[in-house]
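Novice: Have a look at this one.
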Ligand code: IPD
Ligand code: CA
Ligand code: CA
Ligand code: CA
């Protein structure tokens, strides 16, 4: 049996991510505080971010010893950037750490599996509600057994737009200027605080579109697959793939209008 097929990898991802979400939930109930700051004073990490990533890495080592793992808190695991199996797991142990810290029930464990550099399976588990979004490449996007389809909105002026901000002050200032220019041209803006969940909400039309500059692989790997499998186009500016410069996720009819507006506003520029 091929143990590296998308369905098998998804099964493992779901098992590991569910346990991780349970740990995050339990640790939040017990009480959390800031353990350290990272890139800036507003970029915080809690003991739970670290414990959850450790748990995920340990579980994957046990279940899939030949695989590589990339995580937000510990980077590349001992197996190195690529394991002998060609599979690499990408984990954001808690996406939405600031929400987690403040007890806002909108944060998630995000876990994706890449085979030879392509994301083929992903799961995003909301730590508080237990909602679970999953996708496999070519196998559709699902939430709790329901197939997902993105919004059918065709008018950017009627679109609910999710976005987020990085932690670095000059970058945030640029991102705020982009939002200020964009908001008169859309229905409204949401800054919900967890990129993986933003992509999953777009996958089921709970927001129409999403964009953000500055995402890392762990922020978007699972969510972008869920969004793509739900029918959104996920890409960067000017035909580039989605990446740190910009991620745009939009239904086909809204992609070009949003793309062109963001290009005019230099959304991928600035610091
Ligand atoms: C952050 C969240 C946030 C986004 C930031 C991310 P973290 O991830 O996804 O919504 O705007 O760009 O860094 O630090 O909470 O895992
Ligand atoms: Ca994140
Ligand atoms: Ca995180
Ligand atoms: Ca973080």
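A Cβ is built for glycine as well, from the same backbone N, Cα and C atoms used for every other residue.
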Novice: Have a look through 219, 245, 260 and flag the one TrEMBL assigns to the Mg(2+) site that 72, 92, 94, 95 belong to.
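Specialist: According to TrEMBL, the candidate sharing the Mg(2+) site with 72, 92, 94, 95 is 219.
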Novice: Under DSSP, is residue 219 (Mg(2+) binding site) part of a helix or a strand, or is it coil?
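Specialist: DSSP assigns residue 219 (Mg(2+) binding site) to helix.
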Novice: Write out, in the order they occur in the sequence, the residues of the chain not among 72, 92, 94, 95, 219 that have a C-beta within 8 Å of the mean position of the C-beta atoms of the recorded Mg(2+) site.
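Specialist: Going along the sequence, the neighbours come out as 91, 93, 96, 97, 108, 110, 194, 195, 196, 216, 218.
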Novice: Do you know which of the binding-site residues 92, 94, 95, 219 end up with C-beta under 6 Å from ligand 3?
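Specialist: Only 92, 94, 95 qualify.
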Novice: What are the non-local neighbours of residue 92 (Mg(2+) binding site), defined as same-chain residues 6+ apart in sequence with CB under 8 A from its CB?
Specialist: 71, 72, 108, 109, 110, 111, 196, 218, 219
Novice: Which residues does residue 95 (Mg(2+) binding site) neighbour through Cβ under 8 Å, counting only same-chain ones at least six apart?
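Specialist: Non-local contacts for residue 95 (Mg(2+) binding site): 107, 108, 109, 110, 124, 194, 195, 196, 197, 218, 219.
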